[in-house]
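Student: I have a structure here, written as structure tokens, and I will follow up with some questions on it.
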Amino acid sequence: MNAFTTVEENTSQPTLKKYTLPRLRSWLHIAQVVFTILSVSLIAPVIAIQLKFQGGSAPGPNYVLFVAIFTFVIPICLVVFPWMYESKNKMKRCGKFFLKPRTNLIFTGFYSLLWLTAGIAVTTYAINPDSCNLDSNIKDAGYDSAWPAQCNCARVATVLVWITCLLWMTTLVMALVVFWKQKQLVQRNLQNIGKTKQEAAEVDTELMGDDDTNEKTDVTDIDNNHHDMYPPQQQLHHHHQEQPSFSHHHSAAPVPPMSNYNSNPGIVAEVTEPSFYANQPYPSASMTSTQYQQPSSITPHPPQQQQEYYGDVAVSQQHQPLLPLAVMPEPQHYKQQHGIV
């Protein structure tokens with residue numbers, strides 16, 4: 001099943017209902033059935049009288065009878081099956097088949113042609129003078145009254161046949177309109193499907209482009225965040241240079257500033273903390289903690305060896321700086337005894 005057939009089947013009947021006029025179409029088919037029965041009821045006596053008195057019937061009435069019998073069933077199907085499908089939801093397959101505009105177009109077109117030829121045939125028979133004039137060679141009883149009666153029946157049947165033909169042509173025009181509208185709807189639906197597919201492809205292309213742009217932006221942001229979180233090594237050295245030096249809590253003199261860092265990158269400059277040792281000429285264990293004197297001389301501790309910033313933990317523990325010793329005050333009574341000012 002191709003796409004055209006699928007779209008054609010998806011064209012719903014409510015969309016075409018304003019063009020199909022189902023009630024009017026049903027009444028037209030019912031009228032076709034009624035006029036077909038009337039035509040048969042008038043053509044049958046003509047054929048019977050001809051067979052009785054002449055031994056055979058004319059081609060015109062015979063053809064009309066054939067067309068009437070042949071086209072009698074289809075109008076009933078065009079009414080019953082769609083009604084059962086739409087109202088009772090039964091006979092779905094037959095109902096869908098007889099509801100299709102193409103089906104109606106085929107049947108109405110073919111039967112309109114048949115009834116048109118039937119009308120021409122019966123008209124030719126009715127206007128023929130020999131069909132109504134009495135034959136002097138026939139001496140059967142009742143011929144004089146029966147033959148003019150069959151002529152009148154043929155003339156009335158001609159009118160009914162043409163009315164039936166007009167009914168079929170009316171349904172043919174309606175089927176043509178519905179079929180044309182359906183083709184327009186199918187073409188419109190196909191165009192809409194094509195536009196929808198094209199728009200979907202364009203949207204997918206735009207989304208793919210946006211995804212590529214977002215990926216590039218994310219990579220750039222990650223690089224920027226990486227530089228922010230991990231600044232260059234020279235900035236780290238500069239940051240370490242700006243850190244202030246701290247003196248020991250118990251140191252007696254201010255601690256000299258830290259020495260400059262090494263110019264080599266990747267090596268952290270050494271940090272030296274001087275250790276002060278006070279002159280303690282005399283030990284004293286009974287001195288109070290409030291009597292202190294500034295030491296006269298300060299001997300700084302030799303600087304530690306230069307260590308890398310990311311050195312070994314064991315090495316850093318082995319070479320930790322020595323803590324400064326507290327300055328021991330000299331006893332007051334000793335100064336008074338020896339005259340030390």
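Here the Cβ of each residue, glycine as well, is placed from N, Cα and C on the backbone.
Automated prediction, rather than curation, is the source of TrEMBL annotations.
As the structure is a computational prediction, the values presented were derived from the model and not from experiment.
Pulled from TrEMBL, these are the listed features:
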TRANSMEM  27-51  transmembrane segment
DOMAIN    28-173  domain 'MARVEL'
TRANSMEM  63-85  transmembrane segment
TRANSMEM  105-127  transmembrane segment
TRANSMEM  159-180  transmembrane segment
REGION    196-266  region 'Disordered'
COMPBIAS  201-213  compositional bias 'Acidic residues'
COMPBIAS  214-229  compositional bias 'Basic and acidic residues'
REGION    279-307  region 'Disordered'
Student: For the transmembrane segment (159-180), give me same-chain residues lying six or more residues beyond its boundaries with a C-beta closer than 8 angstroms to one of its C-beta atoms, as numbers and ranges.
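Tutor: 16, 19-21, 24-25, 28-29, 31-32, 35-36, 38-39, 42, 64, 71, 101-102, 104-105, 108-109, 111-112, 115-116, 118-119, 122-123.
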Student: What mean pLDDT score does the domain 'MARVEL' (28-173) have in the model?
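Tutor: Within the domain 'MARVEL' (28-173), the model's average pLDDT equals 91.
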